[in-house]
Amino acid sequence: MRAGVYLTRPSPSPSSSSSSSSFPINPNPPPRPRHVSSSSLNPLLSYPSSKRTPPPLAGALRRRGARPLLGGAPLRRFCGLRRSESASIDSPFENEVKEQLDALEITVKDGQKHGRCVRVPAHNICQAHPNSLVVRSNHPQNADLPPYYSKREKKPFPIPIVELRRAARERLKKAKGKPRRPTLPPRNGMLVRSLIPVAYEVMNARISLSNNLRRLMKVVPVQACKHCNEIHVGSTGHPFKTCRGMQSDHRKGQHEWTRASLEDVFVPIEAYHLFDRLGKRISHEERFSIPRIPAIVELCIQAGVDLPDLPTKRRRKPVIRVGKSEIIDADEDDLPDPEPDKHKKPIIHEIPESEIFPPSNSEETTSLSKETLEGWETLREGADRLMRKYAVRVCGYCPEVHVGPSGHKAQNCGAFKHQQRNGQHGWQAAVLDDLIPPRYVWHMPESGEELQRELRNFYGQAPAVVEICMQGGAEVPEKYKATMRLDVGIPASLREAEMVV
């Protein structure tokens, strides 16, 4: 679908058929037909069928000794144009093509006048039909399932190292010769005031999500494998042989299902609690003396949530940086007494397991499912906003997470080849799924039929919380429909699946 100009020197003897300098092209072609049929879709549209030659591609020109030069001997020009069957000579599309070809001819003449080599690009002259309808969406109809990363592989960086180095060089180049800018919160020890309400919302969303999931899982059954971390939302487990637990080769990858708990669906990722997030890094000897709490709770505490049983240091003046990793706290004696924080909100409490009761009817189940799904979305969106300001690190080899500007020094990494690293973690920037794992499960069809092993390629996946809420009666958000493959028709039998192209 391109129009190009190919320039060759004429052969010294036109009558000789063994000449390898150029193709024998008719210098006086007949007029182009008014309509082009679908059978004549080849570059030599303007020549009779008896004298058509193969298109002079660049490789063919090199093999035959042609040189794309301008100047010296008279030159020949070939313009290859492919057109659709509905195109017409008198259409605006044809006029635009003629203007582009005239521009190419002017370029060729200028190069020939000055006696220098000119490279003429082939412009794309294809345009969309004016009556065509183009539908664009941020969420594709069907997307690939989440990839599985082996434990022997290191996690990919969210931003490649090459891009990080390039951005650092650009920052140094722009800052050269300019006064140093003041450090912004939270790097200067202060809180980001606009994110304190978000931290309280995330804290309450986490607790309400736990309470609602406990009630919802008494109505919607969830199965968990005894040997691996795979779960399934349904009365019985799925038949796929994907178990990677201990002695899975003896069971040929078959799962052994049991009743799942809240920790199987909403994975508790823990991290060390820091009294001072700008203080010294946790050493290997301090790994047992520092408490470990859920990572999302630690992120909320560093963002401004005050918990009486987990104290943390709050500064009212920015720190003074002496070196790259050395700071001095500013004197706060001249400041007045702190006023009550207006952003502080009450924190709800977790319901004990003995007080958890299932919903009484289907309407209550549907409303509970919608509330749970809203809490899941609030939790992830709020945590994503906090992670943009407050640094969170994750080990590239194991699931260890650290909330702070730099990871701890505890040598407790037991991932693949940890002996070569002496148990040290390979810290890198964390993403949202490292802090709140979605735990993808197979999506059950709306017909209620059990999953079949032979039709695995037709099924989709969704986060476990979303699948539980959907089976409880909530509507699926738009961004999850791509991986759930709701628009894919599931064959009724294996014979019908073999006929799918």
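From the backbone N, Cα and C atoms, a Cβ is placed for every residue, glycine too.
The following features are taken from TrEMBL:
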{"type": "COMPBIAS", "residues": "14-25", "note": "compositional bias 'Low complexity'"}
{"type": "COMPBIAS", "residues": "36-50", "note": "compositional bias 'Low complexity'"}
{"type": "DOMAIN", "residues": "224-309", "note": "domain 'APO'"}
{"type": "DOMAIN", "residues": "394-478", "note": "domain 'APO'"}
{"type": "REGION", "residues": "1-65", "note": "region 'Disordered'"}
> What is the number of residues in the domain 'APO' (224-309) that are helix, strand and coil, as DSSP sees it?
Replying inline: 16 helix, 15 strand, 55 coil
>> Please count the residues of the domain 'APO' (394-478) that DSSP assigns to helix (H, G, I), strand (E, B) and coil.
In response: 20 helix, 14 strand, 51 coil
> Taking the domain 'APO' (224-309) alone, what is its mean pLDDT?
Replying inline: 94
